[in-house]
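*Asks:* Got a structure here, written out as structure tokens. Questions coming.
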Amino acid sequence: MMETGDVKTKVFTKYNLAKFWTVCVMFFVNLLNYMDRYTIAGIMTELQNVTRNGFNETIDDTEGGLLQTTFIISFMLLSPIFGYLGDRFTRKYIMAVGIFVWSGFVFAGSFSINYPMLLATRSLVGVGEASYATIAPTIIADLFTTKKRLRVLSLFYMAIPIGSAIGYGAGSFVSSQVYHHYHVDDSWRWALRLSPGLGLISVFLILFTIHEPPRGHSEDPRNHGGVKAGNGFQHYFNDLLALMRNRTFLLSSFGFAALTFSVGALAQWAPTYVLRMSRLIFADDPSKAYTESQASLGFGIVTVIAGLVGTVSGSELSKFISRWTDQADCIVCALGLLVGSPLMYCAITFGAVNIYLGWVLVFIAEFFFCIIWAPVGAILLYVVIPECRSTAEAIQILMIHLLGDASSPFIIGAVSDALVKHFRNSHDEVYSQATGMQYSLYITVIVAAIGGGTFLISTLTVIDDRKAVIVHVKNKHTRNPSDTSHQSLRSDVDIKCTNNGDGDDDDNDDNLSDEKSPLVSNGLHVSINS
């Protein structure tokens, strides 16, 4: 007869495998999202070439930036809708429908007969990412306790640099191969046909293979039914009001917006800057200048390596600092932007003198920018109550894109166009194109530095906001389980902060039993005084 311990071990192992597979699927879809998002940047020069785009019309820098901006706007505006649904209905169904629609519009965009049609289809692609980005982090939050969550999030956010690099490199590579081997002028269309098939595969995986946990399960393993936000406008309004009073949520969202402003603009225009600057530096020997595919591939390689190393380093650095303070995530985010912004200034400046030095500085700057991804995702998940996390993700998406990369590619493109026209009065075309783009990219440096300052301010608020969530979860179990009030619970609470070491004792984090255990969140112990 099988011992009880053996049964528990098998159940525990099966449960962990299900969680692991769920994270793998989430990673795959996140990878696909960012791959598609930055494919346009990899083929931008072809789209701007009147003889290659198939439209018989010129696309300038402003219109090129608008392709990314319209996508971000639709993504941003649709996110609150999916956030509302994600807090109330089965999350994997919502993701699957959104990704299916997204795949269809990506494929339709490859058949565009003019710029307005391409612009329209790219704007509608945002529905897929809106459905996914608002929900996936909340599923991860419900699968893993705080100590494991940061590392899992670092894995999840690795898809950003990897997907971006694949978007740059694969899009440009496919387009160039189709052009050279099949002599198709508008070969860029085939670059857009890479992701839709993979999108349909991800829909199948989400619907039939992933495990969706009850909402709030990681905070309270006794909660098997999950918690849901209340239905109706009044409940949703209360959720929004509570978020607007959450100081750490707002400050971290503003800091995150600064990062997305800078990263979004650089992702769109850095390959173009490298291409133009190499033509200026090697004006005496044009054969040494980069081609479009070389510039895109080079930036993609730098992005993926810096992103991988930075994302993992940010997670581990935060865990290390958390030995001494519960402000670790905010500190790491501030460090990333305040150090990364001057390094990016140096990269843009010295890259105009020595292109190879520019590559090195871009790598280091992107490394510091990328240490933010996992900590900033973790901040939202522990300063917002479980039943409102999809809404919080949606509002943060709205904020970071409205203030960030929804406008930054367009702004940089428009400023570049204006500066190019100015420099043409006294310089040749090669100098004007390169210098105009260089000066416009300095805007990203200023915005990133401002974002670092907001993260620094959030170190003053994060501990109180984090404690309030722990108290709320505790009260949901000990008082009225149907109560969804967002009123502050600090008045009847005795909260003590203790040091739990480095947080590496993760083996027993995933409690499958119904036993009562102390509510602990990375060193924050809370007891309720009745």
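Even glycines carry a Cβ here, placed using N, Cα and C.
So TrEMBL says this about it:
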| type | residues | note |
| --- | --- | --- |
| COMPBIAS | 502-512 | compositional bias 'Acidic residues' |
| DOMAIN | 22-467 | domain 'Major facilitator superfamily (MFS) profile' |
| REGION | 477-519 | region 'Disordered' |
| TRANSMEM | 17-35 | transmembrane segment |
| TRANSMEM | 65-86 | transmembrane segment |
| TRANSMEM | 93-113 | transmembrane segment |
| TRANSMEM | 119-140 | transmembrane segment |
| TRANSMEM | 152-170 | transmembrane segment |
| TRANSMEM | 190-210 | transmembrane segment |
| TRANSMEM | 249-270 | transmembrane segment |
| TRANSMEM | 297-318 | transmembrane segment |
| TRANSMEM | 330-353 | transmembrane segment |
| TRANSMEM | 359-385 | transmembrane segment |
| TRANSMEM | 397-419 | transmembrane segment |
| TRANSMEM | 439-463 | transmembrane segment |
*Asks:* For the transmembrane segment (119-140), give me same-chain residues lying six or more residues beyond its boundaries with a C-beta closer than 8 angstroms to one of its C-beta atoms, as numbers and ranges.
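*Replies:* Beyond its ends, the transmembrane segment (119-140) has Cβ neighbours at 22-23, 26, 29-30, 33, 36-37, 40, 66-68, 70-79, 81-83, 86, 91-92, 94-95, 97-99, 101-103, 105-106, 108-109, 112, 149, 152-153, 156, 199, 212-213, 215, 377, 380-381, 386, 389-390, 393-394, 397.
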*Asks:* Between the stretches 93-113, 330-353, 359-385, which wins on the count of C-beta pairs under 8 angstroms to the transmembrane segment (152-170)?
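*Replies:* Per the Cβ count, the answer is 359-385.
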*Asks:* Mind checking which residues reach the transmembrane segment (330-353)? Cβ under 8 Å, same chain, six or more beyond either end.
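*Replies:* That would be 248, 252, 255, 258-259, 262, 266, 273-274, 277, 280-281, 310, 314, 317-318, 321, 359, 361-362, 364-372, 375-376, 379, 434-435, 438, 441-442, 444-446, 448-449, 451-453, 455-456, 458-459, 462.
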*Asks:* Sort out the residues at least 6 away from either end of the transmembrane segment (249-270), same chain, that have Cβ-Cβ distances under 8 Å to it, and list them.
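*Replies:* Tertiary neighbours of the transmembrane segment (249-270) are 38, 40-41, 44, 61, 64-65, 68, 72, 164, 243, 299, 303, 330, 333-334, 336-337, 341, 344, 362, 369, 372, 376, 379-380, 383-384, 392, 395-396, 399-405, 407-409, 411-413, 416, 437, 440-441, 443-445, 447-448, 450-452, 454-455, 457-458, 461, 465.
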*Asks:* So which residues does the transmembrane segment (439-463) touch in its own chain, when a touch means Cβ under 8 Å and the partner is 6 or more beyond its ends?
*Replies:* 247-248, 251-252, 254-259, 261-262, 265-266, 269-270, 273, 326-327, 329-331, 333-338, 340-342, 344-345, 348, 369, 379, 383, 408, 411-413, 415-416, 419, 497, 524
*Asks:* Using a Cβ cut-off of under 8 Å, list the residues of the same chain at least 6 residues beyond the transmembrane segment (65-86) that approach it.
*Replies:* 37, 40-41, 47, 94, 98, 118-119, 122-127, 129-131, 133-135, 138, 236, 264, 268-269, 390-395, 397-398, 401-402, 405-407, 409-414
*Asks:* Tell me, roughly as an integer, the mean pLDDT over the domain 'Major facilitator superfamily (MFS) profile' (22-467).
*Replies:* 86
